[in-house]
Amino acid sequence: MSKNWLLFKTYLLAGSLTFSGGMAMLPLVERELCMKHAVISRATLLEYSTLAQTFPGVIALTNACFVGRKINGRRGMLAAGLGAVLPAYVLMSAATILYQVLPNSGPVMTALAGIRATSASFLFVAAFDLARHNLTDRYSWLLAIAAFSLTITNLVGAPLLILGALACGLLQAGRQQQEAK
Amino acid sequence: MLTRLWWTFLKIGWLGFGGGYAMLSLLLNEMRQLGLSMAQYADLNALDLLIPGPIAINSATYLGQITAGFPGALVATLAVCVPSMVLVPLFMRREALIRRNPYLAQMLTAVKKVSVGLIFAVAFSLLLSTTMGIDDLSQWRQFHIEPLNLLIMAAALWLNARYKINPIWLTLGAGVVGWLSFYW
């Protein structure tokens, strides 16, 4: 079995079996690539996974690109990347088309209203979880609360806030560098 | 529309630090500018849970599909993939330089903190639209509580946070409750 095919197949499988994405696909990738076929070491895979989380973009795809590139150069990167994206793209296209033809009346409408109501719940859970891990001092609470209030009042949009955060980080790092000197 | 989708998702990709959840906030911002409704955004969140795969890919495909059909879905999905495709080869060549850069680490930490606020804001907007009938705070005059939706939202929050019940089951359960409520 060629390495490209193995990469494509592994990420295709991982992408179709893991929900709400991200690093949930890691155990499956580890079993296929590290244990069954031994094309990459476990330490390298974990290192790339951590690294992928620090990059902008789709984390699962970045991870696939790293691993593919490491195992089989540019072609490996494309094979793994395609495998990681394809299931989500195909299934979501199909689901969106189905969703568009749903009648917007009767019990379907009230069922959708019920489903919509849960979307806030899971985001709150995710947000609380992230807050516990990331907001460790007064300065970080300040950043988070500022971002929250500026967006809900429609004063500043999310893209600008993210750029602002990048600038804040840059300034802080600059100050630390000077202090170190 | 296709060009607009391309630039929109390129922007979301490059600004999307920390993966799917951070992107949801950017996405809501763009959906508002494209004139899509809060209900369509809430449906996207539900579909994200029900369909396997990365949230960012699911969202790009969904938004492309509802605004411009098949070509739209393809263009949006390709655009959101660009940062990974560009950054990984770049990193492999300049690994040592990037890894030891203290500026990058600090920038990332700051973005993570802002993202927490942004996700709370998204959750809050969804709460307003699904249980209180308003899309943002400027419409506060039309504020009214929708008791069944509020109950569903609170129950799902509690069951997920307290008992770790899988969101997929809770979403489907909420659909069943909503369906039955039509006949009640």
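For all residues, glycine too, the Cβ spot is worked out from N, Cα and C.
Note that TrEMBL annotation is computational and uncurated.
Annotated transmembrane segment per TrEMBL: B:6-28, B:74-93, B:114-134, B:140-159, B:166-183, in sequence order.
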**Study point:** Contact set, same chain, for the transmembrane segment (B:140-159): CB under 8 Å, 6 or more residues outside the stretch
**Key:** 127, 130-134, 165, 167, 170-171, 174, 177-178, 181
Review point. Near the transmembrane segment (B:166-183), which residues from the same chain, at least 6 beyond its ends, have a CB less than 8 A from one of its CBs?
Key: 46, 49-50, 148, 152, 156, 159-160
Point to revise | Chain residues outside the transmembrane segment (B:74-93) and at least six past its termini with a C-beta under 8 angstroms from it | key: 2, 5-10, 12-14, 16, 56-57, 59-61, 63-64, 68
